[in-house]
Amino acid sequence: MMVIRPVERSDVSALMQLASKTGGGLTSLPANEATLSVRIERAIKTWQGELPKSEQGYVFVLEDSETGTVAGICAIEVAVGLNDPWYNYRVGTLVHASKELNVYNALPTLFLSNDHTGSSELCTLFLDPKWRKEGNGYLLSKSRFMFMAAFRDKFNDKVVAEMRGVIDEHGYSPFWQSLGKRFFSMDFSRADFLCGTGQKAFIAELMPKHPIYTHFLSQEAQDVIGQVHPQTAPARAVLEKEGFRYRNYIDIFDGGPTLECDIDRVRAIRKSRLVEVAEGQPAQGDFPACLVANENYHHFRVVLVRTDPATERLILTAAQLDALKCHAGDRVRLVRLCAEEKTA
């Protein structure tokens, strides 16, 4: 059974294996054991209530409960940009016009922005390619909404997600090549590694401070603004179906889109509800997949179950109860895994 649980110190080697499979561009999952150990420690201290909000971050792993194999990772930053500035570009427009010359030009322009400061962030989503089946990707991504719904007071009103931009298998980023490299004088992979290992001071020191006309970039770079890496397209679609939208903010490194949503408008958060759980043999039927989570802050668990999402009393097997660390009579959080398709 696949189970979402909080990260543990013993997971560091498994996270290193996952990091080696990302192909670069996933800034928050560098293949650096010291950095990953620090990240795990920060998550543990967050759960223990030892950190200020500006430093809090939760990390979860997807585990096969039968073998102990860690198949994926996902995380939530509680409030970005309160310690180190959180940069992105806002894609806007500058108009240059002259009535005398009968000239009017509306030029797409990149403006350096800290507009998402204080927002909660969904980040570090990665599923081992071998495990991209049977709803594991949906479980991994959406489990965070169950945690946010259960512990709403831990998070701010807006949640954002930076989507991985267009990078090829050799680590070549058209957006970086045309823009970032001119200011940072280093390859994308080097900048990505520095950022991922917490060495972010160079961003503030070297970032262009003035608006940038996108027409000055290569056509290849212009074409990838707000576009996602092919492997990230499914993750973008998942978030958009939950209510997230692209509001013209992009990543400063690879030009990938930043999606955002008011937390209370996220479908899985808004529609999740508490039901009583009982032990038994679940009813047979053509039921949809549903997320089921306990309400235990320190021992949080999420699993996928096929059941009636409208049920008032959820019947689970002993194995499912054990995976959720629940007992009969406890209340669990339940929501349909995917939004119902609207019919004409």
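Cβ atoms are placed via backbone N, Cα and C, with glycine included.
H229 (active site, proton donor) falls outside any helix or strand according to DSSP and counts as coil. Per Swiss-Prot, the feature active site, proton donor maps to H229.
Taken from Swiss-Prot, the feature succinyl-CoA binding site applies to L125, supported by sequence analysis. The Cβ neighbour count for L125 (succinyl-CoA binding site), using a 10 Å radius over every protein chain in view, is 23. Annotation note: L125 (succinyl-CoA binding site) sits in a strand segment as assigned by DSSP.
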Quiz item: Roughly how many angstrom lie between the C-alpha atoms of L125 (succinyl-CoA binding site) and H229 (active site, proton donor)?
Solution: 13
Exercise. For H229 (active site, proton donor), just count the other CB atoms lying within 10 A of its CB, please.
Key: 21
